């Protein structure tokens, strides 16, 4: 049976299919973890420890050595995306309830969902698109995008926009696994290769554990708003990223379009933020479902738009 190939036909499938299975498990048997206990409970409720290992392994993949041009290109994209997410948070905070919109086509939408969906790029998708439509320097820009992994950037944005305050040790705790992995990966290339193998392996495990915090009714309730959020991510972050790539990064804009996606790891951000800032707890389940939808929508739209933009540029140069 070609289970893996079938699952991967869905954009972000290795994250989203286990997430849906976890949500199904939680909907049909909410007490499964506490009833089974032991290792089964660890798989069902172990979102944070599984993600901690994933962040460590992700940190190990970040290489210290990169050319100035690559750092300029990746830095312009990362900083632009963070700035856009911060601006959206500032503008939308007075308009949206802290617990999210309760009904209508924007049901579940919250500042937490917006920030989580907009501040983290799908690095794998970006690298694949740049290998096809960009240069090696474009593809190398993924080196700094790995720093967006985890809740740290969302914490900084929510704190800078005045929506939350976090104790200093929480920032340290959020970034420490990534830094430890980064240090080991740069001290020993063999360790970097060893830990890098686990980054993809752990994805379905934290997807399943995260799904066990959701109810299928929540996912159904936020269906329309999830699609709208995905489109909004591409539109709202795409244009500034395109301009930043052209004016700051020295590219032709293709890399900017390719970076206007939502990373699969962003699905975990609402729950992690809610664990540190309880005022976001009511918004977290719906925000998780919304971000999961945004992952799918952006994974479908971004490759199409990147291809169209790249071909348009080729036609002009030709």
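Any Cβ shown, glycine's included, is placed from N, Cα and C.
Look at Swiss-Prot and you will find 10-30 (among others) tagged as transmembrane segment, backed by sequence analysis.
Here the transmembrane segment (42-62) has long-range neighbours at 22, 25, 32-33, 36, 143, 146-147, 149-150, 177-186, 191-192, 195-196, 198-199, 202-203, 205-206, 208-210, 212-213, 265, 268, 271-272, 275, meaning same-chain residues at least 6 beyond its ends whose C-beta is under 8 angstroms from one of its own. What Swiss-Prot records for 42-62 (among others) is transmembrane segment.
Marked as transmembrane segment by Swiss-Prot: 82-102 (among others).
Same-chain residues lying 6 or more positions outside the transmembrane segment (109-129) and placing a CB less than 8 Å from one of its CB atoms are 12, 77-78, 81-82, 84-85, 88-89, 92-93, 96-101, 139, 141-142, 145-146, 148-149, 153-154, 157-158, 161, 163, 225, 229-230, 232-233, 236-237, 255, 258-267, 269-270, 273-274, 280, 283-284, 286-287, 290-291, 294-295, 298-299, 302-303, 306. The transmembrane segment annotation in Swiss-Prot covers 109-129 (among others).
The transmembrane segment annotation in Swiss-Prot covers 139-159 (among others) and is backed by sequence analysis. Among residues of the same chain six or more beyond the transmembrane segment (139-159), those with a C-beta under 8 A of the stretch's C-beta atoms are 51, 55, 58-59, 61-63, 66-67, 70-71, 73-75, 77-78, 81-82, 85-86, 89, 111-112, 115-116, 119-121, 123, 126-127, 130-131, 165-166, 170-171, 174-175, 178, 249, 255, 259, 263, 265, 268-269, 272-273, 276-277.
Under the heading transmembrane segment, Swiss-Prot lists 163-183 (among others).
Tertiary neighbourhood of the transmembrane segment (201-221): same-chain residues 14-27, 32-33, 43-47, 50-51, 53-54, 57, 107-108, 264, 267-268, 271, 284-286, 288-289, 292, selected by CB-CB distance under 8 Å and a gap of 6+ residues from either end. Per Swiss-Prot, the feature transmembrane segment maps to 201-221 (among others).
What Swiss-Prot lists as transmembrane segment is 224-244 (among others), and the listing cites sequence analysis.
The annotation transmembrane segment is assigned in Swiss-Prot to 257-277 (among others) on the grounds of sequence analysis.
What Swiss-Prot lists as transmembrane segment is 289-309 (among others). Remote same-chain residues near the transmembrane segment (289-309) are listed as 10-12, 15-16, 19, 108-109, 113, 116-117, 122, 125, 129, 133, 214, 218-219, 221-223, 225-227, 229-231, 233-234, 238, 242, 253-254, 257-258, 260-264, 266-267, 269-270 (criterion: CB distance under 8 Å, separation of at least six residues from the stretch ends).
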Can you tell me which recorded stretch out of 10-30, 82-102, 163-183 has the most Cβ pairs within less than 8 Å of the transmembrane segment (224-244)?
82-102
What else in the chain is close to the transmembrane segment (163-183), if you only count residues 6 or more beyond its ends and a Cβ gap under 8 Å?
52-53, 55-62, 64, 89, 93, 98, 111, 147, 149-152, 155-156, 195, 272-273, 276-277, 279-280
